[in-house]
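For T74, D95, N123, A124, S140, the entry in Swiss-Prot reads S-adenosyl-L-methionine binding site, with the evidence type sequence analysis.
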Amino acid sequence: MVEDSQETTHFGFQTVAKEQKADMVAHVFHSVAAKYDVMNDLMSFGIHRLWKRFTIDCSGVRRGQTVLDLAGGTGDLTAKFSRLVGETGRVMLADINDSMLKMGREKLRNIGIVGNVEYVQANAEALPFADNTFDCITISFGLRNVTDKEKALRSMYRVLKPGGRLLVLEFSKPIIEPLSKAYDAYSFHILPKVGELVAKDGDSYRYLAESIRMHPDQETLKGMMQDAGFENVDYYNLTAGIVALHRGYKF
């Protein structure tokens, strides 16, 4: 589902003014930043690591290239890209939320990743980079939180080099009906309780479940990427469509 009008958008199942959403999302991630990695492992049973590995494998990133890990949070993808691009390459970890960015910087520095990684607080809708800067852009579990997704996709297209590719890893729509019902039960009844127990914030994980349901489905997101200028757009359903990886190119 896309935004309802030019003035309003959705925050989970709520309809809010567009200018309010960024602050509301920021509050969510300020709240959960300290327990973000732990909760990712718990709520996905560790499978998020396989989804991210598949994203890396599909990226085609090589030594010496320049990568933007957008909404990069605690740096899972940045850590892997740093090793792939080597000393002659560069990885930019960008996130709109300073709490998440600080967690990512601390985590990566603690494991010795310092030489080829830079950090920037940035809004996906207005990326502060020159045209044709990056060989690859990834946005992992971040697009659904963006207020104006179409504007963000156009911004990503602008800063990609010709021949570059965008990979969007995001929760999507299960393709098996019995799984969809079980997933709803888990998302709305169990996940907020786990969030309350571990992160002391059930409301933020209730928002997570709602934001997933409001996010465009596989075919809709494919069309949005094409409308932004991307070509050869395809997607892969992971874990029966609970998550999908979309990939598109700039030629």
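Glycine is treated like the rest: Cβ placed from N, Cα and C.
A sphere of 10 angstroms centred on the C-beta of T74 (S-adenosyl-L-methionine binding site) encloses 22 other C-beta atoms. Every protein chain considered, the tally of other Cβ atoms within 10 Å of the Cβ of A124 (S-adenosyl-L-methionine binding site) stands at 24.
Here the binding-site residues are D95, N123, S140, and the one whose Cβ sees the fewest other Cβ atoms within 10 Å is N123. S140 (S-adenosyl-L-methionine binding site) carries a strand DSSP state (E or B). Annotation note: D95 (S-adenosyl-L-methionine binding site) sits in a strand segment as assigned by DSSP. Under DSSP, A124 (S-adenosyl-L-methionine binding site) is assigned to a helix (H, G or I) in the three-state scheme.
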